[in-house]
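*Asks:* My questions all concern the structure below.
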Amino acid sequence: MTTSTPSAVRTRFAPSPTGYLHLGGARTALFSWAFARHHKGTFVLRIEDTDLERSTPEAVQAILDSMAWLDMQPDEGPFYQMQRMDRYREVVRKMLADGTAYHCYSSPEEVEAMREKARAAGLKPRYDGSWRPEPGKTLPPVPAGRKPVVRFKNPLEGATGWNDLIKGHISFDNSELDDLVIARPDGTPTYNFCVVVDDWDMKITHVLRGDDHVNNTPRQINILRALGAALPEYGHVPMILGPDGEKLSKRHGAVNVMEYDNEGYLPEAMVNYLARLGWSHGNDELFTREQLVEWFDTRNLSKSAAQWDPKKLNWVNAHYIKASGNADLAERVAPRILKRQGNPQAVDLPAVMGLLKDRAETLNQLADGAMLFCGPYTPASAELRAEHLDEQALALLSSFERQARALPAWTAEALDALIKSMLAEHGVKMPKLGLPLRLAVTGQKQTPAIGAVLAILGRDLVLERLAAV
Ligand code: GLU
């Protein structure tokens, strides 16, 4: 296949909008996205919003926001299942007409009794097929005034299996699969049925989804077959476990993708980290989005569950922060400084980023660090001054002030050189001058490299604060 023409590969991400997008969902979306991109195919977004009680517009927006943040834009969609009801009804009618589905008038109580009976006989609870038409079989009389459900006529014999792209061959005995309800008494289609019609209509070739859907797959395959549809390939992604080996949940920290934006993680780092959770390319831990697309292959998706590792995420994030340009970081950190009531314009923010980025794990840490320059200046407390600004310190500071005033260039290098020469001249060690300088100029005992801090603060401010002590 040449690389410039789009291939027939079509994947989809099909979230149910019942809450924020969680990490597991984002990772599934990422795999589907990367697979489509790798094959120059099409990535479809489908919103499965038929659960009216649990679906909300806010949740739809949260999904769209999260996908935009991670830069996984769909090529097609979002399609909304609620807008496709006519189509599902049409397919139900077609199946009733061609005999692959049938009306079932058993009441919920009757179905429950059938299940109970099966259970009592030590069998899997199931619908007993009372209304399933078979050649030569007489169906019971239709109960007056009762609206039927529509059931799919599942094959009774044999097995339904597929070669899972991740888990290998999986097979279910058809005798284990009930005749699935595909439409309710009011005509609304059911979940598995909508998925089938959509995957068919949207010409999905590869379904990558969480392995909580493994049990749905044989049912969906049988309906697709009954419709004469081409079967997609399926890959079921194992879940993500928390550091304690339990299923990842809120107990382990944030599971909402956008919470990571709040906490100062870069989307590039998130994509890198999420991709590595359950997928690998040799021992590569750090890779670009382009490399992910180039390398992505379902063969390297892991069969076993992945484990969430916040330390590693921080390490990856620190890497991306370090690798970012100062101006870029400044732009991302500025709103976080504003949130902290600081003024990002008070200072050469890119320079501050350059000073801090080697030691920051998150953008929030950068913002916290930048508050030294962007936040209100609080002079050192009287206690601190009494403790550290003795006569010798004050003499050193005033000498420093005089010489600093005369510096031809106000740069970190020049200031460091001045500090060094003063230490030699006065025969003192760094803390003797460094600490008083920090206290006098920033009000704090600890700061990043003092020369750089002074350079960024600027000559006027530094001299003014020195004069004040
Ligand atoms: N809507 C389903 C979910 O959010 C996914 C369905 C699918 O991928 O087939 O779990």
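Including glycine, each Cβ sits where the backbone N, Cα and C put it.
This is the feature table in TrEMBL:
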DOMAIN    9-315  domain 'Glutamyl/glutaminyl-tRNA synthetase class Ib catalytic'
MOTIF     15-25  motif ''HIGH' region'
REGION    124-146  region 'Disordered'
MOTIF     247-251  motif ''KMSKS' region'
DOMAIN    329-468  domain 'Aminoacyl-tRNA synthetase class I anticodon-binding'
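Mind running through what each feature is packed against?
*Replies:* When averaged over the motif ''HIGH' region' (15-25), pLDDT in the model lands at 96.
Listed by sequence, the residues of this chain that lie at least six past the ends of the region 'Disordered' (124-146) yet keep a Cβ under 8 A from its Cβ atoms are 99, 102-107, 110-111, 114-118, 153, 176, 178-179.
Among residues of the same chain six or more beyond the motif ''KMSKS' region' (247-251), those with a C-beta under 8 A of the stretch's C-beta atoms are 23-24, 239-241, 308.
Secondary structure counts, DSSP: the domain 'Aminoacyl-tRNA synthetase class I anticodon-binding' (329-468) has 105 helix, 0 strand, 35 coil.
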